[in-house]
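Student: Let me give you the structure first, and then I'll get to my questions.
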Amino acid sequence: MCSSIKIESVVKEKNRMGECPVWEEKESALVYVDINSQKVCRWSSLTNEVQSVSVDSRVGSVALRQCGGYIISLGTRFAFLNWDTKAVTTILELEQDKPNNRFNNGKVDPKGRFFAGTMAEEIAPGVRARRQGALYTFFPNYSVIKQLDQLDISNGLDWSLDHRTFFHIDSLAYAVYAFSYDVHTGKIACPRLLYHLEKEEQMPDGMCIDAEGKLWVACIDGGRVIRIDPETGKRIQTVRLPTPRITSCCFGGKDYSEMYVTSAYDGLDETTLAKEPHAGEIFKVSRSSFYISDLPSLVF
């Protein structure tokens, strides 16, 4: 642990379920989604302004496109989002036989393929159909393959710096898994348990990787992000945040030397919410020498 770590709330506009942050360098902005408010949002680090585009379904993830604009996963479909016109163009719809499912977390791989996973919505607080989710890869030629099936909540994902390992979280397994990864085909194989969360860490959510190849995992209801060494499967650092429902993280800012951490206020009862003034805000974690991350990949 390093005493020089600084944590500040940079986005005060509260999110019901802030998720899937990604840094957009050309805009000096953080792009993210508020799943339950059905919005894609963009916070400018230059003006401190938050802009948003409303969509017609819960939106689980957003990623940058090489040609500008974004690809999003919303409901059970992939779509392109034109930020200037606010137009959402559906590309493909999946899981039409599972009306209670929706997309959750997503991210672009080193070759521009978009990975995104699904989950079943709750039918009552804390109650959902089990093993209804899957993980998909959307290719530049608009084809899709199913990589994993019978997941509960497909969540955080990332790739090792040498592109030979894929990391994935199924939240209700309370674990991070590692897979062999073929960067040429985009296929994953040979799953193995990498890290099982401890009781006080609660449930794993979003995830990112730093320039030393270490994973950072957001712990929803655990009020923290934890740093895991994939080589040893050990937690090597914990950073506690000032609100419990920590949802995801990414690197950004100048030289990608800052970590941005999203949070949520949905799921907190009125009594708890009254004691959590920072719930739903977005935090910047910085220190004198952070673990600068690779730039985010762009989809076609």
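Each residue's number is its place along the chain shown, starting with 1.
Even glycines carry a Cβ here, placed using N, Cα and C.
Heads up, here are the entries from TrEMBL:
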ACT_SITE  Asp205  active site, proton donor/acceptor
BINDING   Glu19, Asn155, Asp205  divalent metal cation binding site
BINDING   Arg102, Asn104, Glu122  substrate binding site
DOMAIN    17-264  domain 'SMP-30/Gluconolactonase/LRE-like region'
Student: Using an 8 Å cut-off from the Cβ centroid of Glu19, Asn155, Asp205, can you name the remaining same-chain residues around the divalent metal cation site, in sequence order?
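Tutor: Here the non-site neighbours turn out to be Cys20, Asn104, Asn105, Ile153, Gly156, Ile169, Ser171, Gly206, Ala218, Ile220, Thr247, Ser248.
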Student: For Glu19 (divalent metal cation binding site), find which of the recorded positions Arg102, Asn104, Glu122, Asp205 come within 10 Å, Cα to Cα.
Tutor: Asn104, Asp205
Student: The domain 'SMP-30/Gluconolactonase/LRE-like region' (17-264): mean pLDDT?
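Tutor: Across the domain 'SMP-30/Gluconolactonase/LRE-like region' (17-264), the average pLDDT comes out at 97.
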Student: Between the binding-site residues Asn104, Asn155, where is the Cβ count within 10 Å the lowest?
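Tutor: Looking at the binding-site residues Asn104, Asn155, the Cβ with the fewest others within 10 Å is that of Asn104.
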Student: Ten-angstrom check, please: count other Cβ atoms within 10 Å of the Cβ of Arg102 (substrate binding site), all chains counted.
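Tutor: A count of 22.
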Student: What's the CA-CA gap between Asp205 (active site, proton donor/acceptor) and Asn155 (divalent metal cation binding site) in angstrom, rounded?
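Tutor: The separation of the Cα atoms works out to 6 Å.
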Student: Is it possible to get the count of other C-beta atoms within 10 angstroms of the C-beta of Glu19 (divalent metal cation binding site)?
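Tutor: So the number of other Cβ atoms within 10 Å of Glu19 (divalent metal cation binding site) is 27.
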Student: So among the recorded positions Glu122, Asp205, who's got the most Cβ atoms within 10 Å?
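Tutor: Within the set of recorded positions, the most crowded position is Asp205.
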